[in-house]
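The following features are taken from TrEMBL:
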type    : residues                                                   : note
BINDING : A:15, A:16, A:17, A:18, A:19, A:95, A:96, A:97, A:98, A:99 : adenosylcob(III)alamin binding site
DOMAIN  : A:5-138                                                    : domain 'B12-binding'
């Protein structure tokens, strides 16, 4: 079925198998009118990139819950640029680092890695939907 | 009396099988040299004369053929992401029985166009983009293909949103452009059946004539498909059975040749173990893979490199030097057959290595991932550990004294536990070498084909 919905790639990165939040986000973005290409859990960086190329997606939404986010997420922007996806929107959220690190630091670190938006625990999906629509000019 | 003649125009030999449909028996088999360069009928007549010497003169109510003559059905597959649509296109072509000359991803450039022109494919399968996904690359590739300077049939099976433009572009330079459903309509959703069917119909319309196979038309009713497609069809029939004749369930088929080794599996391949996540492109239920570097003669040196002297030597229980010496001999003289005990052992070991490596590349793999909550497993490809039947066919296995020893390479090995190979299969041998014929027969008499395979393909 062809439709004109904007496609977004969703997945839990790295060796992380937290599946519940992934389902909730899938539901939230689908209800908000996006076509969600959900890669599920345990997703390597390469698969996010390949999926975005093939489906012509406008944003990649990365989740990481198990605290190794920094290692897993580093290099995704470079990989996008290398693959011709350039400045595609990259969002990341979850428990990105272990322990009680100050979120402003975490935020800064991920922005420097090339992510457009970084979300701390407790943010509701609605907020992310609003941001995404704004960023895409919808 | 209802007699049917089934013909396999192979690359070297034209093999024929005469079947009595009423009694469900093979009346006889024979072979001649494939004479596609001159007149295909010469070799066929030779085979028929040989057959009639055994059986007496027969009349046939139907004559069907399959072909891998003149190099088989040569194809090039083009997609976007190498692991996604390019891989899907490759699988569609393999499933249609093609010989894959090349697989291309991303935007084609001038060098690749030159390369494709040199490869001289008979059909090009053009994919790229999920439906509603990337449009630019498939359009670019269509434009590039118009600069091939050759009129080659192109099948378009990519992003449907731009299919009409892609077809229109290609028609500027090509006479035959057919469009069919996307091989990957959604991400990670494989849809290769329509492309397979389209390849087959283009084969029938165009390739049969181009290869001079139509000269056999006065005698043969139809050359209906490429030989590997007939074997795949036979494997599917034997596995699934029909409404009236039960099949054998999940199975694998191994076909070793002088140059390549083909592996077929008819099984869903879902995880059999717990705590396993499936990743990667979904697998076709009826899957075919071809290994161009695993073979007993033309590819002997390549096999030696791929398997390593030690593996072959260990299988044969001889020294690595013996293996090397034998490989050199058979590569230099492809007609060479083993002359002593050691050479016999090496020959078997080479076959076993072909089977083992080809099956390892065909089956899925299990990867252990260590998470904060202990280890988890990721499966890529088909889990075939529960497959209970492995069938051996093809000249090397069929004419061998100890085919079972060769087929044992298909079984699970403790040294490579990550490879999801059959754990305790039984081995069947296509002794009369009838599988391709039964695939053809299955087109008209599926029940008979299943029963005859169950009768003639026996325990090794």
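Including glycine, each Cβ sits where the backbone N, Cα and C put it.
Averaged across the domain 'B12-binding' (A:5-138), pLDDT for the predicted model comes to 93. Chain B comes close to A:15, A:17, taken from the binding-site residues A:15, A:17, A:19, A:96, A:98 by a C-beta to C-beta distance under 8 angstroms. When DSSP labels each residue, the domain 'B12-binding' (A:5-138) comes out as 57 helix, 29 strand, 48 coil, counted as helix, strand and coil in that order. Across the residues annotated as binding adenosylcob(III)alamin (A:15, A:16, A:17, A:18, A:19, A:95, A:96, A:97, A:98, A:99), the two Cα atoms farthest apart lie 21 Å from each other. For residue A:17 (adenosylcob(III)alamin binding site), the same-chain residues lying six or more positions away in sequence with a CB closer than 8 A to its CB are A:41, A:42.
Per-site Cβ counts within 10 Å over the binding-site residues A:15, A:19, A:98 peak at A:15. There are 28 other Cβ atoms within 10 Å of the Cβ belonging to residue A:96 (adenosylcob(III)alamin binding site).
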